[in-house]
Amino acid sequence: MPKLVLKAGSRPPWVGLAAAVWVEIAAGNTYNFPLYSSTLKSVMGYNQQQVTLLGVANDIGENVSILPGIACNKFPPWALLLVGALLCFLGYGVLWLAVSQTVQNLPFWLLWLVLCIGTNSCAWFGTAVLVTNMRNFPRSRGTVSGILKGYIGISAAVYTVICGMVLHDSASNLLLFLALGIPFLCLAMMYLIRACTPASGEDSSEHVHFIFTQVSSVLLAIYLLLTTVISDTVSLSGTVSYILVAIMVILLMSPLVIPVKMTFFPAKKLGPPVDSSDDSVGSTQKDPLLTPTSSPTHLGYFHESEDASDVETLLAVGVGAVKKKRGPRRGEDFKFCEALIKADFWLLWFSYFLAVGPGITVLNNLAQIGVALGVDDTTLLLSLFSFCNFVGRLGSGAVSEHFVRSRTLPRTFWMICAHIVMTISFLLYALSLTSTLYIATALLGICYGVQYSTMVPTASEIFGLKHFGIIYSTMALGNPIGAILFSALLAGYVYDTEAATQGGPTCLGSNCFRLTFLVLAGVCGLGTILSIILTIRVRPVYQLLYAGGGFRLPQNTNH
């Protein structure tokens, strides 16, 4: 990774986090597919199978982030944001040309390709801000992950409000907004999102700032939920609609209060200033933040699970028989190829995959699930899942951060809990009762969000932040693979088979998804077992990293 000069000072990281909120909203552009897919279908004359294939393109573009994962270690954040802006402009620009019929008779394969390109901007935006902010706040990885993933979770509601109140539910106007508005927004945020020097010690005000940001996001989510309900039940004038949108924008800007407050009311420094002018990524000088623990108890516990052959290796080195440089231990910085051969990597990958795969299956088929069980209007189901997804993302970040500091409880413990609750949720779905449908949807939405926000900091803590981008991107592949296996193949096959038995294109009744739900319950049960094994294995890592109630890095790390 090239040496990049870090931005010094305590204020720039918070400016970057406030700007990242807007970029994460932009990264939620993939959630707009339901808002324009019906218009695209009618204008282009597509059948439902072709629309489903476009939905697959939407999922692939959103989750395939290997290239941005590699690029984040070679280029500054603004370069990734620039690439994302170009992809967004190109992809959604061509879709706008098709929907507005400015250019006619575009082939299906071209629209499939440009949809992949446009939605892949989400991967570039999300990777740039997530990796940068995780490195800027290495002591609060769970909290940062929860906040950023939470804003992506509520971005769908933001776009719904904009589309309904400003763009007048026009698919053409929405695609034009995505093609021009999102690139402009990200270009405006490019300079603000920068790699910064982390704080050199514990800062009590940092905790207060994070609480303020979390409360702001919760207020925004509640406001969006109420605004959506009001706009669906009451006819609003243009003036009132614009006022409501303006309030939403103000709430989105609320994280900027923190750097503004730090500018006009700077905290009093109790010690001599720390000279960080020579700090750079890849520097060999040890930052006080990264000072290893000196407790022999925790160090011994941390290393006791390593191979016993280390003793023989050390003896051989002592007599000059062999000279071997040991690889990184868990908690240190791993290269991607080094992480790829570790059991913990695949335990985490499969634990995540066996959770988000079933989750995305329900999300992609939630409207059909509601119709099959006799729910006429599935909008409430979708809104309930989205809101609970946000709650899970934000809440798991804060809760896991609290317990990992106070009890050195591994974050993967919450993956276990989420897997268990997801298993219960699918069994509730299998009952095929309207009374349990909403309960199951709420529980599943929360657990789906928990899995997202837990995986991110866990991967960074086990394998380090130096190559976190590519490691995180590989973990994220569990989402599209799960969508293909569990949604397209399993749920789609079961649904179509039952619909054919009923003699129509639409399936009604409990048998449409019951087999799917039972299989997914078993899948989550397997995920529970893998999460338990992973938690037992990584417990010593967390006892080292958080031994003193604060984040520490093990010795010999290169971060």
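Cβ atoms here come from the backbone N, Cα and C positions, even for glycine.
Nobody curates TrEMBL annotations by hand; they come from automatic prediction.
Noted in TrEMBL for the protein shown:
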{"type": "DOMAIN", "residues": "13-260", "note": "domain 'Nodulin-like'"}
{"type": "TRANSMEM", "residues": "78-97", "note": "transmembrane segment"}
{"type": "TRANSMEM", "residues": "109-131", "note": "transmembrane segment"}
{"type": "TRANSMEM", "residues": "151-168", "note": "transmembrane segment"}
{"type": "TRANSMEM", "residues": "174-196", "note": "transmembrane segment"}
{"type": "TRANSMEM", "residues": "208-230", "note": "transmembrane segment"}
{"type": "TRANSMEM", "residues": "242-260", "note": "transmembrane segment"}
{"type": "REGION", "residues": "272-295", "note": "region 'Disordered'"}
{"type": "COMPBIAS", "residues": "272-283", "note": "compositional bias 'Low complexity'"}
{"type": "DOMAIN", "residues": "340-543", "note": "domain 'NFD4 C-terminal'"}
{"type": "TRANSMEM", "residues": "345-363", "note": "transmembrane segment"}
{"type": "TRANSMEM", "residues": "369-391", "note": "transmembrane segment"}
{"type": "TRANSMEM", "residues": "412-431", "note": "transmembrane segment"}
{"type": "TRANSMEM", "residues": "437-456", "note": "transmembrane segment"}
{"type": "TRANSMEM", "residues": "468-495", "note": "transmembrane segment"}
{"type": "TRANSMEM", "residues": "515-536", "note": "transmembrane segment"}
Averaging pLDDT over all residues of the domain 'Nodulin-like' (13-260) gives 88
Residues of the same chain, at least six outside the transmembrane segment (242-260), with any C-beta under 8 angstroms of its C-beta?
11, 14-15, 17-18, 21-22, 25, 158, 161-162, 165-166, 209, 212-213, 216, 219-220, 223-224, 227, 231, 236
Are the transmembrane segment (151-168) and the transmembrane segment (208-230) near each other by the rule of at least 3 C-beta pairs under 8 angstroms (pairs 6 or more apart)?
yes
